[in-house]
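Reviewing the structure listed below.
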Amino acid sequence: MTVDELVFFVNGRKVVEKNADPETTLLAYLRRKLGLSGTKLGCGEGGCGACTVMISKFDHFQNKVVHYSVNACLAPICSLHHMAVTTVEGIGSTKTRLHPVQERIAKSHGSQCGFCTPGIVMSMYTLLRNQPTPTIEEIEDAFQGNLCRCTGYRPILQGFRTFSQNGGCCGGNRDNPNCCMNQKKDETLTLSQSLFKPEDFTPLDPSQEPIFPPELLRLKDAPRKQLRFQGERVTWIQASTLQELLDLKAQYPDAKLVVGNTEIGIEMKFKNMLYPMIVCPTWICELTSVEHGPDGITFGAACSLSCMEKVLHDAIAELPDHKTEVFKGVLEQLRWFAGKQIKSVASIGGNIINASPISDLNPVFMASGAKLTLVSKGTRRTVRMDHTFFPGYRRTLLSPEEILFSIEIPYSKEGEFFSAFKQASRREDDIAKVTCGMRVLFKPGTTEVKELSLCYGGMANRTISALKTTQKQLSKSWNEELLQDVCRELAEELRLEPDAPGGMVDFRRTLTLSFFFKFYLTVLQKLGKVNPEDKCGTLDPTFASATLLFQKDPPANVQLFQEVPPGQSEEDMVGRPLPHLAAHMQASGEAVYCDDIPRYENELSLRLVTSTRAHAKILSIDTSEAQKVPGFVCFLSAEDIPGSNVTGLFDDETVFAKDEVTCIGHIIGAVVTDTREHAQRAAQGVKITYEDLPAIITIEDAIKNNSFYKYELQIEKGDLKKGFAEADNVVSGELYLGGQDHFYLETHCTIAVPKGESGEMELFVSTQNTMKTQNFVAKMLGVPANRIVVRVKRMGGGFGGKETRSTVLSTAVALAAHKTGRPVRCMLDRDEDMLITGGRHPFLARYKVGFMKDGKIVALEVDHFSNCGNTRDLSESIMDRALFHMDNTYKIPNIRGTGYLCKTNLASNTAFRGFGGPQAMLIAEYWMSEVAMTCGQPPEKVRRINMYQEGDLTHFNQKLEAFTLPRCWDQCMTSAQYYARRAEVDKFNKENCWKKRGLCIIPTKFGISFSVPFLNQAGALVHVYTDGSVLLTHGGTEMGQGLHTKMVQVASRALKIPISKIYISETSTNTVPNTSPTAASVSADLNGQAIYEACQTILKRLEPFKKKNPNGSWEDWVSAAYLDAVSLSATGFYKTPNLGYDPKTNSGNPFHYFSYGVACSEVEIDCLTGDHKNLRTDIVMDVGTSLNPAIDIGQVEGAFVQGLGLFTMEELHYSPEGSLHTRGPSTYKIPAFGSIPTEFRVSLLRDCPNKRAIYASKAVGEPPLFLAASIFFAIKDAIGAARAQRSDYNTKQLFRLDSPATPEKIRNACGDQFTTLCVTGTPENCKPWSLRV
């Protein structure tokens, strides 16, 4: 067979690929073949946007060049023939000039770790190429397919808003409540709001953009001929005519038709499917055309979803309202369908034929009675999409040689109404739990039902129509009686088994009724407008808001911080909002992350082989299939280890499991091959046989089987028995908090390079812990630590997930490099990373609290159980911190806190921002909210009367000094206008039956120090070169938190030289040894102080030369010192003084000081669907005297949004066998751009210097995360309002709400007539789809 050449352009350069493999993605090609590493791999499934690039092509249908964004991780290179690709490197660089998009995200502090930045830049760039002055809505919409884990999104939106026609400064528009002119001025103290100056930005000049390659323009009218590309396992044929396509389908009935590859690509990568023949129909004009006919609009099956969206949008604008009911339903589903990157390539036909049981569009097409035209060689038929179209799971009516040719979406008629609904965990880019299309047609001039169609996704193994229910409603009037009847019938017809895949059975069943109720109300509302005198039911005004579709106001925000004191030298950058020093390189794709290091000549790829059983004996390992994969080099197991297989912080882990596995994802071995793709295939080829052993999965299992790690700490103070005896009232209960995945955008990555002599090896690792990485590798290889060098340039996020668990990968990669004698690289895929590396510990608390009538707490007892997984890792220290924070900010005279570490067969859980603190503080606020409810007192009053005061002793007897919390509280109450808004919320709740608002204010106190005293140490190394430049090295690693930037600021002030003279290259074990992990929020404190010490040494040595030449420059003094043979290199060292807690006597100081903060949040919930939106959050945070307000505010917002994910959204699902269901962004939802509070106000407390840290600053990384609990308790407040109104449904005043407060938990807690119809009993022996671990 002849094979064609693939021709496309990248950043204006022509690429001709003679051996295009259909399995190669654009991302792999850009990074490996072209060396363009700016485009990143974040998830591999099109869910995070890190790989976003712009594609340009000549569109024959529109007769112009079109630009659209795509996910390079899904786009096969074979689909790019005669197209132009633009990557982040192609629009600007720090070497030439930055594009305004790159400049603005950098200067507005929108890039922290920077791993997601190139993708976000390219989404914005594509928008501007299509729309040079976009609206704020268009900007937000452009980011639906992009995720960021660091920033909390606000600075990105604020920076990019300066491109919009209605963004930037409002010009003193006094109606705007967030106008900077309306803020109260305090003359005595300069409070600044601007973290950046928009007037300094380079203006956007659309005429300067790169042109579409002229060669491709010349080819636009050339006749297209069929193309064939042959890979190792897959053939790709680009058909050029319909006849060709039908011939191919007749010849290869099993061939897959691929347009956007947004489903097939994922199946081949993650589900190990293989499709040897792929046919691409995108060149066939009949399949991409759009026709406006007499009955509706017909779309060719290969039209993209974006194309359909635009055509329907235009139709709605032009046609009369009654004709466009169905179109509006389709658009409502497309609005939240996916990001632009998916919608611009995914086809309508692919979406239908994929036959997903939870498709957003198929229920809409089915309910509308859309017509599908099916063709094959010699036949053509038209069928209506009805309940027969999907005969079973992922099956359709098509015969193997048929293709879907087109779909006609009908115009609606007079008297016909249509709605579409969807409920998911997150609004943007999320898979529905339940989705539906609903249509009713009335007999002319009446409200009698002529036709009724209710179609659902997510309620069976295919899209279904509720035929039994709808048949019974014909000729009935649209009134309360019909509503009751439909709900009763639906509850009966749409049953789910208790073990149904996807779980959430009661929630999903309730949604089917809730959606119909919304439809019923919407139709009533529309009928009322048309014909108010009719016999239909009337709409209760308090029900009206239930019909409103989700609307989001444009974001508004205020960031307040204290300006530097007048007279501070211009060169002294401490206290100024300096952008992250690498931000410009991150925005241009030039910043180098571990996997961006160019490939070595003879480099190999490694892939881990992991257990598929939670607890089992390994009987045999068969690698014969793996060895057949091309490029296979070797399989590694415990037998290959030259040193010790024992590893882990407490020597309770192995590098490779030997005889027994103790969790799914336990590493058994690794395969080494020539490429990443071959490694994946080889790993799948390794066959392991097991003998299962009993497994313990959940906390309850562990308690029942007494499966605990030995743990001693119990904190007790006062007399508990006496306290409970004196209490007026006692409340006890239980609370469960789910775990959380770190979801750093850059997964774990290691490159190991053997040096060939004396056992030397160099490792480039994405880790927060260079010392343990070095020690564990040395121990495994059986060499001294001085032979191993570990280097970290930067990480794409860490959050604690790379503190210890990075070593499970780096040790294995080092072994492979040792065994083969060649460099070896491995970057985990997202699904492997989530499976293997563990996350935040789930907690179960059993509490009992005694209090007086006014809410004053007198006694508290809490048992904390954490699910630690299969090794100890950091679980003890995490429980220590939890017990130290079980009081949050409240003085409790009689208290006992106990911790239990549950030993289970899950991947070991580990450090995560907050480190046990957020779990314990949520438990504290939970019982506090119950106390307030029981006393009938306002919760803010009960919190205030229990709050510590200056000089009080905590429950572990540490004295609270410089206790700024009351100031934070009062300032937050005032700036949030708490009492006025409380009254507004109550008014709203009276006027709205099915939407409720909640408001809550929550404080936090967070202890700063490693709880293990010896870790509170740091070293620094300062080199001054003869040209006056300074190379700075310290023990901390950069993961986006701005540590290097702050350290340069510290050195700049200490040495009194501008920051331009100081550089930090990387963190490495051969410059600063024995470093503590970059964790516990203390890295700026410890390393800053060490740097300060080193700088003082240098200054002391330069003193004589300064005296000799007082008017000389820095360079003069340095040069003079060198000529006098004075050392210009110095080390610095610091350890935190007076630390050490004694559990036996409950005395001593575990912490150096505390950070404080308060947040007030308001939310609105939809009682029918469990959806919620975050309306406003005000935060006041004490960060001491900020070293860098831009970085500190970035940390506050980023931590808050991560906490918002923890408490309301991010849910890990495990099967009863201990297998993780949620292994990527499609199933595990972190907050997106639209999740953040519409109004987001952050204020750094002023005048609160902290004498215990460098330049009076304070730690900021972890403390703000818990403040997101204000959202959780605002949701609980709103649910309380809903329950109070529906007391006839057996709703008790105290109700349990576990974390996270997902739509399922919110909906189920709002008891009403719909939930009572949908209770599914669980039989004794039923195995649920997922367990609460």
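Positions of Cβ are set from backbone N, Cα and C atoms, glycine also.
Nobody curates TrEMBL annotations by hand; they come from automatic prediction.
The structure displayed is predicted, hence computed values, not measured ones.
Taken from TrEMBL, the feature active site, proton acceptor covers E1262. Sequence-distant contacts of E1262 (active site, proton acceptor), defined as residues of its own chain at least six apart whose C-beta falls under 8 angstroms from its C-beta, comprise R913, G914, F915, G917, F1006, A1080, S1081, A1199.
Around C43 ([2Fe-2S] cluster 1 binding site), the same-chain residues six or more apart in sequence whose CB sits under 8 Å from its CB are A50, C73, R830, G1224, P1225, listed in sequence order. Residues or ranges marked as [2Fe-2S] cluster 1 binding site by TrEMBL: C43, C48, C51, C73.
The annotation [2Fe-2S] cluster 2 binding site is assigned in TrEMBL to C113, C116, C148, C150. In sequence order, K40, G42, C48, G49, A50, N146, L147, C148, R149, C150, L745, G796 are the residues of the chain that are 6 or more apart from C116 ([2Fe-2S] cluster 2 binding site) and have a CB within less than 8 Å of its CB.
For G350 (FAD binding site), the count of additional Cβ atoms within 10 Å of its Cβ stands at 23 [all protein chains shown]. If you look up TrEMBL, you'll see 257-264, F337, 347-351, D360, L404, K422 marked as FAD binding site.
According to TrEMBL, the feature Mo-molybdopterin binding site maps to Q768, F799, R913, A1080.
Under the heading substrate binding site, TrEMBL lists E803, R881, F915. Long-range neighbours of E803 (substrate binding site) (same chain, six or more residues apart, CB within less than 8 Å of its CB): Q768, N769, L874, T910, A911, P1077, T1078, A1079.
In terms of DSSP secondary structure, the domain '2Fe-2S ferredoxin-type' (4-91) contains 15 helix, 31 strand, 42 coil. As annotated by TrEMBL, domain '2Fe-2S ferredoxin-type' applies to 4-91.
Residues or ranges marked as domain 'FAD-binding PCMH-type' in TrEMBL: 229-414.
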Binding-site residues compared (C51, C73, C113, L257, A1080) - the one with the fewest other Cβ atoms within 10 Å: L257
Pairwise C-alpha maximum, in angstrom, for the residues (Q768, F799, R913, A1080) that bind Mo-molybdopterin according to the record: 13
From binding-site residues C51, C113, F799, R881, the one whose Cα lies nearest E263 (FAD binding site): C51
Extra residues within 8 Å (Cβ to Cβ centroid of C43, C48, C51, C73), [2Fe-2S] cluster 1: L27, K40, L41, G42, G44, E45, G46, G47, G49, A50, N71, A72, G119, R830, P1225
Spatial neighbour of F799 (Mo-molybdopterin binding site) that is closest, considering only the binding-site residues G260, S347, G350 and their CA atoms: G260
Residue pair S347 (FAD binding site), R881 (substrate binding site) - Cα distance, angstrom, rounded: 51
Cβ-centroid neighbours of [2Fe-2S] cluster 2 site C113, C116, C148, C150, 8 Å, sequence order: S111, Q112, G114, F115, T117, R149, T151, L745, G796, G797, G1040
Other same-chain residues whose Cβ falls within 8 Å of the Cβ centroid of Q768, F799, R913, A1080, the recorded Mo-molybdopterin site, in sequence order: G798, G800, G801, E803, A911, F912, F915, M1039, T1078, A1079, S1081, G1261, E1262
Chain-mates of E803, R881, F915 with C-beta within 8 Å of site centroid, substrate: G800, L874, S877, I878, A911, F912, G914, G916, S1011, A1079, A1080
Spatial neighbour of L257 (FAD binding site) that is closest, considering only the binding-site residues C51, C113, R881 and their CA atoms: C51
Top Cα neighbour of G260 (FAD binding site) in the set of binding-site residues C51, C113, R881: C51
Nearest of the binding-site residues (C51, C113, R881) to L404 (FAD binding site), judged by Cα-Cα distance: C51
Neighbour-count leader, CB within 10 A, binding-site residues: F799, F915: F799
